[in-house]
Amino acid sequence: MRPVSVWQWSPWGLLLCLLCSSCLGSPSPSTDPEKRAGSQGLRFRLAGFPRKPYEGRVEIQRAGEWGTICDDDFTLQAAHVLCRELGFTEATGWTHSAKYGPGTGRIWLDNLSCSGTEQSVTECASRGWGNSDCTHDEDAGVICKDQRLPGFSDSNVIEVEHHLQVEEVRIRPAVGWGRRPLPVTEGLVEVRLPDGWSQVCDKGWSAHNSHVVCGMLGFPSEKRVNAAFYRLLAQRQQHSFGLHGVACMGTEAHLSLCSLEFYRANDTARCPGGGPAVVSCVPGPLYAASSGQKKQQQSKPQGEARVRLKGGAHPGEGRVEVLKASTWGTVCDRKWDLHAASVVCRELGFGSAREALSGARMGQGMGAIHLSEVRCSGQELSLWKCPHKNITAEDCSHSQDAGVRCNLPYTGAETRIRLSGGRSQHEGRVEVQIGGPGPLRWGLICGDDWGTLEAMVACRQLGLGYANHGLQETWYWDSGNITEVVMSGVRCTGTELSLDQCAHHGTHTTCKRTGTRFTAGVICSETASDLLLHSALVQETAYIEDRPLHMLYCAAEENCLASSARSANWPYGHRRLLRFSSQIHNLGRADFRPKAGRHSWVWHECHGHYHSMDIFTHYDILTPNGTKVAEGHKASFCLEDTECQEDVSKRYECANFGEQGITVGCWDLYRHDIDCQWIDITDVKPGNYILQVVINPNFEVAESDFTNNAMKCNCKYDGHRIWVHNCHIGDAFSEEANRRFERYPGQTSNQII
């Protein structure tokens, strides 16, 4: 039965009203959904630039005043409710930190909490109307599904902005359209308006305008053009102008943010005495070779970069890391905005920023946090030129690491590769397009030596993110119509933008296993794990143990001792072991799972556990010139969540043949006193060495970043004791600091130098 409201005029309600003096005031609202409190008189609209009609900053009109919503505690459920208020069926996403620009006026709602089923935003919990501690830099936005509610009328609730906006920009070559190599770097500026593509009048056009356009198209800078040539060409062509009076400051991330004017429909004389605006852009180093400007880029002196991106699924995106005092660290997201993000993007050879990311959206870093409250104007040549605050460990955490997504040039690389036969667009047999002087044709890739690194490049070229798996057999994805193998011997480093940049056999293909059954395939994913070793713990826990042979039968069975142990006088004597703890964190955006399924895990009776990976880590002792003198043969005992961050729950446990893996935000701890958690150094002579630990050495499992899988330490062994120091992740130091590390001079008078 439906519960009766005490405020309806029932006998109980009348009695309660007589007894309660508060009833004598203004009447309380009815629970009738058609008369929700506050819903009458509220209006909703989408605002901001750049955006499409179904996305934008959410603005609410209450008591005749328009205001915004703070992004604190905002969720997709709240976005669902707001999109329905706006007349759309549901939300597909939401944005924070004023992605569509800061609003003005009141901030009506803060800490908005909805379940997603509410009929109106007035039914959601919040701090109350107009009660907020936010600024407009925290305005929330929504991305709605482009599908209207049946019978919804725009005029009732949503206020549509009727003025035009620039939705897209492109460069059209003045000559040879369609035959120019990609990316196109010079030509006429065209903007897409609701009624199609139009050109821009060049009256008052400045270098600042060109800078903004080039940034939108993925280029870090612009250069002068041959104006006389284009003036002459303009006299022979018909033009369709839709935009004029463009005046940018040069720091805008999008042309819509500049001052500009649109021609009215009844304007007959457009751009009198002028011509179409023309730009010439300078591509970054990654794209210079394909546009014929490689020599120009190489002629510039280039030192070591002081800014880099880590953990991104696509080129030009990732967590921002900066180099300070020869050590790489992250940037705190406080006051992080599009201006600062654009400075980073241009510094790295991309265009302006498409999105400034906060809240460790590209995964958490590990180690130092170097910068906070970075405030850029957008004109700086480097992030280090922007005003900023130095930071201490108490100021910020890695859960606040800043990231970026940059605008990239269009190269057309994704049109030269495709997947076939898969169950979804993210998987399938890889087909590539080749062709020389003759017609282009599609073909397959030989599966020999195809692995995770090659699959990573294929998924990146397809725009599908990371590779979960690189498959050498794809008989279950037989598409039938493509049977020719056109590429073999593919070997990639994993950083290439397309497969044709990888080493391969060229026009002559050679396959050990013939037939379409043994061709390359991939399963792609937008997220991946990222394993890092806690290097400080290795340094703190390293020590030497002389362990009797009669206690090492189990370890010998699992091949955890040096080869010379086979000829030892068992069970007499001992082995000298360098022991240490290893704590392996997953700081990526997907759980780390073993490549092999449970059906192929190997039971080890001696230690009473399953091995889920044949090789999980390599433990080595190297001379300063890189020669290996001892190694630890360590397989994965098991992969499980030993400990996790406060807000993360454990998911994987090895006991009772449980699921194995490492959850995002958790770590797997192998204590120093566990069997095989050592390196057998019985045969190592006294001297200066490097201790190296490599996680996932054979790239069996996909990660967002393989460069941080190695950890190195300096160590000094005098035949009795060992000193381990200067432990660090392989890419945590500058190139110069790493070179100094390799030239470790040793130790004198008990003082490490």
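Quick reminder: no glycine exception, Cβ is built from N, Cα and C everywhere.
Worth saying up front: this structure is predicted, and the values here are computed from it rather than measured.
The disulfide bond recorded by TrEMBL for Cys406 joins it to Cys345 [selected from Cys345, Cys376, Cys446, Cys459]. Which of Cys248, Cys258, Cys396 pairs with Cys332 is settled by TrEMBL: its disulfide partner is Cys396. Between Cys70 and the candidates Cys17, Cys20, Cys124, Cys134, TrEMBL annotates a single disulfide bond, the one to Cys134. Counting in whole angstrom, Cys406 (disulfide bond) lies 16 from Cys376 (disulfide bond) by their C-alpha atoms.
Non-local contacts of Cys248 (disulfide bond) by the CB criterion (under 8 A, 6+ apart in sequence, same chain) comprise Ser206, His208, Asn209, His211, Val212, Leu255, Cys258, Ser259. Comparing C-alpha positions, Cys386 (disulfide bond) sits nearest to Cys134 among the disulfide-bonded residues Cys70, Cys83, Cys124, Cys134, Cys502. Here the disulfide-bonded residues are Cys83, Cys502, and the one whose Cβ sees the fewest other Cβ atoms within 10 Å is Cys502. Between the CA atoms of Cys124 (disulfide bond) and Cys134 (disulfide bond) there is a gap of 19 Å. One residue stands out among the disulfide-bonded residues Cys144, Cys258, Cys492 for having the most other Cβ atoms within 10 Å of its Cβ: Cys144. When averaged over the domain 'SRCR' (169-282), pLDDT in the model lands at 86. Sorting the domain 'SRCR' (307-407) by DSSP state (H, G, I as helix; E, B as strand; all else coil) yields 16 helix, 34 strand, 51 coil.
When the CA atoms are compared, no disulfide-bonded residues among the candidates Cys70, Cys83, Cys114, Cys134, Cys332, Cys396 lie within 10 A of Cys376 (disulfide bond).
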